[in-house]
């Protein structure tokens, strides 16, 4: 074999000899990609301060009634579901880097349309565009980061996706205190604009370049990211890496991660996170906080603090342990949340309609105030537990467990599942409370959290410290 042949067959990705890469520009590239999730979080949090601001605005500003305000908040999830499907197609066809560059456009365009809005349809159109960008960013950013990171830091960098999402939400809450809705939308254009600028100087992922048979470009990308283009192992990219085919669903290395990825996304939403967040301000009002809007900021700070904690310990504690502890905490706290609603429940009523603020106000004021602190504690404990495990880890595992040929389709299905379940749970939770009463609805969420723990222990493998190739080999039984 000639030296040239040896160089051509030399493995590229996956550590040999136990030596870890020393390049630090991988952190810069991960930060640039994570500006997409930051924009995503800002778009999600935007409606919370913008809706009250729009209701206070004088003509000719658009006016939001109750129905319009609900659509203004919910239409993002519909756009994001479509964005998940589009992102799954883009990430395989256009590549990871170009997909991130492209998703900055609907972010900026959407917020620009909102800034210039003169009627309700412009507001909804802008929100739909930002939702589309959210769906693409929620898929592409984890994939990009997982493929550029080496195993020793992949948990840290992968968890930063969720950290940037909750930071974006908190930024929207804080900025909403001082900015009215138009200027808040202008601020929303800043993170995606920075992402567009920074990503222009970042490389495509080596794995995608290898799948396109661009070996020299892959080595240059590794040199930039890791400080070395040699001594790394990657299985040869053959015909089986040319794209997704339905026949591949019969392979254990494909259908097992599919089941795990979809189930984790479903359990994440069925845990009741959106319901708890929706009632946060009402619970804080019952606990006699002078400014109930403080609830949003308190919740945001808890999310950021504990998601950052999860990112720091992810590569030491492992995914399975954090998912299990997180699920146990969530099951306990939603059980306590349900107990609060049971204790504050009034007498029997002939009406099946549940008015939660009225429901919370039944009974003596002192008793309600004391019990409301049970709800506040349960809510804060739930959010902390969610942020440590079930918030970031489903997105991290989604980017780790799928083999290269099916990654675009598989992650697209996972993101679609997540956003569809988010829309379904948010829309139907009030109806569920009418049927089961509030305490029954939260106890059901507690049961789903418990089932998530059992699923984790039975089916989810530990990916800590493993290369993506080793994870694929585990599912294939090699």
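Cβ atoms here come from the backbone N, Cα and C positions, even for glycine.
Database features, via TrEMBL:
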{"type": "TRANSMEM", "residues": "26-48", "note": "transmembrane segment"}
{"type": "DOMAIN", "residues": "29-464", "note": "domain 'Major facilitator superfamily (MFS) profile'"}
{"type": "TRANSMEM", "residues": "68-91", "note": "transmembrane segment"}
{"type": "TRANSMEM", "residues": "98-118", "note": "transmembrane segment"}
{"type": "TRANSMEM", "residues": "124-144", "note": "transmembrane segment"}
{"type": "TRANSMEM", "residues": "156-175", "note": "transmembrane segment"}
{"type": "TRANSMEM", "residues": "181-202", "note": "transmembrane segment"}
{"type": "TRANSMEM", "residues": "258-280", "note": "transmembrane segment"}
{"type": "TRANSMEM", "residues": "292-314", "note": "transmembrane segment"}
{"type": "TRANSMEM", "residues": "321-341", "note": "transmembrane segment"}
{"type": "TRANSMEM", "residues": "370-390", "note": "transmembrane segment"}
{"type": "TRANSMEM", "residues": "402-421", "note": "transmembrane segment"}
{"type": "TRANSMEM", "residues": "441-460", "note": "transmembrane segment"}
**Message:** Cβ under 8 Å, sequence separation of at least 6 from the ends of the transmembrane segment (68-91): give me the contacting residues as numbers and ranges.
**Reply:** 43-44, 47, 50-51, 54-55, 98-99, 102-103, 120, 123-124, 127-140, 143, 407-416, 418-420, 422-423, 426-427
**Asked** Relative to the transmembrane segment (26-48), which of 156-175, 370-390, 402-421, 441-460 accounts for the most Cβ pairs at distances under 8 Å?
**Response** 156-175
**Message:** Test of understanding: applying the rule of at least three C-beta pairs under 8 Å (pairs 6 or more apart in sequence), is the transmembrane segment (370-390) touching the transmembrane segment (181-202)?
**Reply:** no
**Item:** Proximity of the transmembrane segment (441-460) to the transmembrane segment (321-341), 3+ C-beta pairs under 8 angstroms
**Value:** yes
**Message:** Counting CB pairs under 8 Å, which listed stretch among 98-118, 156-175, 292-314, 402-421 touches the transmembrane segment (370-390) the most?
**Reply:** 292-314
